[in-house]
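Trainee: Please find one structure pasted underneath; my questions will follow.
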Amino acid sequence: MAVATDKLTPLKSAVAGLNQISENEKNGFISLVARYLSGEAQQVEWSKIQTPTDEVVVPYDSLAPIPDDPAETKKLLDKLVVLKLNGGLGTTMGCTGPKSVIEVRNGLTFLDLIVIQIENLNSKYGCNVPLLLMNSFNTHDDTQKIIEKYSKSNVEIHTFNQSQYPRLVVEDFTPLPSKGQTGKDGWYPPGHGDVFPSLKNSGKLDSLLLQGKEYVFIANSDNLGAIVDLKILSHLIRNKNEYCMEVTPKTLADVKGGTLISYEGKVQLLEIAQVPDEHVSEFKSIEKFKIFNTNNLWVSLSAIKRLVEADALKMEIIPNPKEVDGVKVLQLETAAGAAIRFFDHAIGINVPRSRFLPVKATSDLLLVQSDLYILEDGYVIRNKARQNPANPSIELGPEFKKVSNFLSRFKSIPSIIELDSLKVTGDVWFGAGITLKGKVNIAAKPGVKLEIPDGAIIVNKDINGPEDL
């Protein structure tokens, strides 16, 4: 262990001099690095993995129905807090500012839809479900400005920041900010596993407990399917489950997602990074590991307080190597889902796929803006007219990567209720009122602009030029 101490002592004194961050952040960072250096085993023993039973991963259909009594429902909802992870920027989709302010549908942003949903709950049942947004230093200032527009709503909105940790220079194990990197590039937010200490350090946790709140429903702000579910909440309260992870059946698109396993008598998240190389293909198979983590998490507030105060949440560390101005740096991160093994009576619930509708790229935006979905009371709901339970697969070329380009290349979003797959490559432009069905492949020849005319109906076709239309 001598090597680790050699690295840690100078790092501690360098971190002590970083005045931009709090004592809590300095301590949290040092303890994360110390755990990393001590080389705690990250990999699991493959032979000990067991498939979880229905007691541990509960089928959604087996949950008890909700009593029809609005007074009972109000009592349930008054115990709940909704928390959205709002630390991410819209950069991958070519947008500036927080990802949650990208317009999803009818001119409404992710955040608008979330607020409308909770407004409707609060007014329907006369309850007070607050909304918490966990920002990062990247999204904090913008978010503060944006939420002013909700000041007249009946939803209390609280924001707090997740930790700000210094990036580590790989070569000599010093914090990047101590090397004169004074801007944002010297820092990183350490993943959403940080939600638990940050809730506590911000003072939000204690004030929510004082208000009689019992559970927090945590989800990514870009998952349109993550809506408040009374059956889940009621089940957790009745069975005193301190933690619940919503999982859903894997499709071939989800092979990299983390899965739940039973391991040494506990339910545990297994991520692809923890899988020994010789078992990776087995991990990706849909036969053995049938479910994956949606990152919709329901957690007892008092349990979070107990575990954070005991410093017991030691989630697997995810090392994330980056490069800043040619300097190799390391970010150490943790994931909220990995905390499942530290909570008592933790369970998974195997939920319908509709509770997992993330928007990670413009191809997802095409789905949710199309006639495949309808918008009702802030909820994005799948159109019953679609027979196939699976969504069509959509591949758009790099010309469509940025939201602004995507929007300008579609005069209106095509009808895709009967679409199986769409692949678009090259300089393609879509007119208005187009219908796509079956398997459609549109490829413009290099250097040639291909325009699909208004009102075109394309069924099971490969289109390489105007002559194919």
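Every residue gets a Cβ built from N, Cα and C, even glycine.
Reproduced below are the annotations present in TrEMBL:
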- K99, Q162, G191, D222, K360: UTP binding site (BINDING)
- H192: substrate binding site (BINDING)
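Just tell me what is around each of these and how deep it sits.
Mentor: Summarising the environment of G191 (UTP binding site), the number of other Cβ atoms within 10 Å of its Cβ, over all protein chains shown, is 23.
Within the same chain, residues at least six positions away from H192 (substrate binding site) with a Cβ under 8 Å of its Cβ are L85, G87, M134, Q162, I218, N295, A335, A336.
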Trainee: In sequence order, which same-chain residues at least six apart have a C-beta under 8 angstroms from K99 (UTP binding site)?
Mentor: G88, L89, G90, M93, F110, S221, D222
Trainee: Residues with Cβ closer than 8 Å to the Cβ of K360 (UTP binding site), same chain and 6+ apart in sequence?
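Mentor: The answer is T92, D222.
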